[in-house]
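A.B. asks: Structure incoming, see below.
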Amino acid sequence: MGTAAKRKPHLLLVAAAALVSSSAWSSALGSPTTFGPVFEDQPLSVLFPEESTEEQVLLACRARASPPATYRWKMNGTDMKLEPGSRHQLVGGNLVIMNPTKAQDAGVYQCLASNPVGTVVSREAVLRFGFLQEFSKEERDPVKTHEGWGVMLPCNPPAHYPGLSYRWLLNEFPNFIPTDGRHFVSQTTGNLYIARTNASDLGNYSCLATSHMDFSTKSVFSKFAQLNLAAEDTRLFAPSIKARFPAETYALVGQQVTLECFAFGNPVPRIKWRKVDGSLSPQWATAEPTLQIPSVSFEDEGTYECEAENSKGRDTVQGRIIVQALAPDFRLNPVRRLIPAARGGEIVIPCQPRAAPKAVVLWSKGTEILVNSSRVTVTPDGTLVIRNISRSDEGKYTCFAENFMGKANSTGILSVRDATKITLAPSSADINVGDNLTLQCHASHDPTMDLTFTWTLDDFPIDFDKPGGHYRRTSVKETIGDLTILNAQLRHGGKYACMAQTVVDSASKEATVLVRGPPGPPGGVVVRDIGDTTIQLSWSRGFDNHSPIAKYILQARTPPAGKWKQVRTNPANIEGNAETAQVLGLTPWMDYEFRVIASNILGTGEPSGPSSKIRTKEAVPSVAPSGLSGGGGAPGELIVNWTPMSREYQNGDGFGYLLSFRRQGSTHWQTARVPGADAQYFVYSNESVRPYMPFEVKIRSYNRRGDGPESLTALVYSAEEEPKVAPTKVWAKGVSSSEMNVTWEPVQQEMNGILLGYEIRYWRAGDKEAAADRVRTAGLDTSARVSGLHPSTKYHVTVRAYNRAGTGPASPSANATTMKPPPRRPPGNISWTFSSSSLSIKWDPVVPLRNESAVTGYKMLYQNDLHLTPTLHLTGKNWIEIPVPEDIGHALVQIRTTGPGGDGIPAEVHIVRNGGTSMMVENAAVRPAAHPGTIVSYSVAMLILIGSLEL
């Protein structure tokens, strides 16, 4: 190995010349006009943030071929379906993944380029999704130690990929913990170490974790953890290493290696590094908590020791660095086989073999070793750059790579084509929101290659396939790539770039589109000069979106759920150059939030964010309570009621009600103070208060700023007294088997209350009056019908007057006996005869039993299919004749008894016309109805009428 490391550079040059001369131009191309695909650009692995605002990932793929290549892609070894409208789009040979997600898109991708000559497969590109979750929302436990001791505060970072960098905050942003000898933040765990605490360390600590990915940087904060310090321990302590590097660290040649070491102690320990089996490079920092080797080599392999030392002692920790070295190898990253370039343009050809240590790189064209010139440059990392390309630059280019482990080379062929040029560039434009605009873009190109157009807005690719999008392509042939913007919005303003692209080169031109629209939201809304009904509101101007702001309106709401409403202001009309105004007409002692809305000739913009919540100052109440009334209660009481005043009318703290009252006709007012906004009544109790005595009452509210206005005077009566007089001439009579009528003479209105009605009490003979049922009348009626009684039963009845205080004395009792019940058998043996215009029906008479009421007649309910409204017929006989229309098809008949005890159970027949004038009975057996007063499967109107007949 030592000999190989000392090889002379001229040996590499000789080997390179030999390799170049032994190759043949024709072996790479086949025939001059037909050749298989050769990659010019291959996909690279991508780390995509899961929460990125980017809407797409692009995996590059471009190949030169004659005839031109077609492209397809594989994901995880399976062919992808690249259909129009799907999330995976083929743009040239590039794969564009719209709205990528980890669940659907993470994996290994390869591009396949094909033509009739053959197919080439690209290197693998891995699409990974980086993420950084939020810290736990749980509160962190306080950390307690003695002042003078060391302490470690854990970071406990959330789930993430890839690795993170860490910083710590003390109390507030951006007060970051300094990186000094006393503090150390591990970039491995995120933990914060303090070698020796002192009083300045008291406070709240938060860990800041930052993820660095391809498209974005994201940071999250932990919950604050409080560091509390107990009484100082002034003793001295020997060092104790708390942050340790691993016992073995593996690295490739050329990689950066970092070892961490930090110790607690008093005094604060000093950190020293040494290499146990060698010496440290003088370029390395050897007195810091981290030892960093920028580019590790085999000479750096060995055992390293960290020593922490103070006046009380020392502590050490050791670990090995093991260095490994995958000779130059082009298998994963060969030089592009075919390298197309545009005449007059520039080509960049990377040379990226895998090697450890890093390889020395040389380039040749044919047999000529290339050296830097005005047109040709080989960069320090081995990349070949050729500028101002001409046809003479065509040929075979080889990259030679060598390190002490070995050597390798890789060759590609440069082919020069006509350059692509923009012949009609897009023009800048100035439009309003809602307008349509077409940006033109025409190009010329080498006719042997395909031409594609891509558009970007502020360097982000435009997605033409987004559902409901505003962009349309308006191309009519290959050399035209016009872009149309439909219904332009503010977000469509910016720098547009049209790129005409072939597999060889590209050309682009830019244009600026300015979209004018309603103003953006104002900012910085601040409330000051808070009064009881006014405040001063200030704000800062938002974007005018290229049209001057004409005016502002101010809105307010009462949190948390109040609706935004426009408020009165001074000045009444706020001009567009204003940034402050006074708000008028607010309610005292009320919580408010405010916002500002700007408008211009193009419309009204979005509102500002709400201001911080404020409360207006207190003021005396300005509105009197409403709903003043009263009455009721116990003897000797006056009860006054009112409607409690809502929060918006209280105007201040210490709110309550001030009541004034006096007997009607008196000149002296009595007052009572009732504290509390929710209070809604007051009870005045005095033996001198007679029943139903009129009082004049008025009310006002108060708070700690003073008394509000007084209400109008209302008349309220004291508690009533029960009626003292009983009704007379009570009379009762049974009118059916379940009902009786009751009448009485009214009582005279008394001065002790307002008569509300009468209460009827009734009970069966033999029962005690305490078991009586009760029914009340509403109003001053002097008769009532009592229902729900038992048949053939004697009842005792009394009547009492009642008011709000209760019921008065009972009248002398009256007696009534209910009727016997109607027969419980329906009419039977129903038969009928008919003619063209009438129907005659007869039945056997119903003979009541001894315990049933007499039959005085029959009721028949008739309905046909021509007239759904039923008709009622009464007869005192056991037959009836009714007119019948000639064209009826169906009829339904119900027959029941009637008499003093009420209506009996109905019998039901269903009659169907049979032929010209005859009718037949459907289901000839006559049956009782399903329930007294109902007809099965017939109209609601008929059911209502039958129910009313039973009453």
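The first residue you see is number 1, and the count goes up from there.
Yeah, the Cβs are placed from backbone N, Cα and C, and that goes for glycine too.
So TrEMBL lists these for the protein:
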- 1-30: signal peptide (SIGNAL)
- 43-128: domain 'Ig-like' (DOMAIN)
- 133-222: domain 'Ig-like' (DOMAIN)
- 239-322: domain 'Ig-like' (DOMAIN)
- 328-415: domain 'Ig-like' (DOMAIN)
- 420-514: domain 'Ig-like' (DOMAIN)
- 521-619: domain 'Fibronectin type-III' (DOMAIN)
- 624-721: domain 'Fibronectin type-III' (DOMAIN)
- 726-821: domain 'Fibronectin type-III' (DOMAIN)
- 805-830: region 'Disordered' (REGION)
A.B. asks: How about the domain 'Ig-like' (420-514) with the domain 'Fibronectin type-III' (521-619) - do they touch, taking at least 3 C-beta pairs under 8 Å (6 or more apart in sequence) as contact?
C.D. replies: yes
A.B. asks: Under a Cβ pair cut-off of under 8 Å, which of the recorded stretches 43-128, 133-222, 521-619, 624-721 contacts the domain 'Ig-like' (328-415) most often?
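C.D. replies: When the Cβ pairs under 8 Å are tallied, 43-128 comes out ahead.
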A.B. asks: Give the one range among 239-322, 521-619, 624-721 whose Cβ atoms make the most pairs under 8 Å with those of the domain 'Ig-like' (133-222).
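C.D. replies: Per the Cβ under 8 Å count, 239-322.
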A.B. asks: Looking only at the domain 'Ig-like' (133-222), what is the mean pLDDT?
C.D. replies: 90
A.B. asks: When secondary structure is assigned with DSSP, how many helix, strand and coil residues does the domain 'Ig-like' (133-222) contain?
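C.D. replies: Counting residues by DSSP class gives 3 helix, 38 strand, 49 coil.
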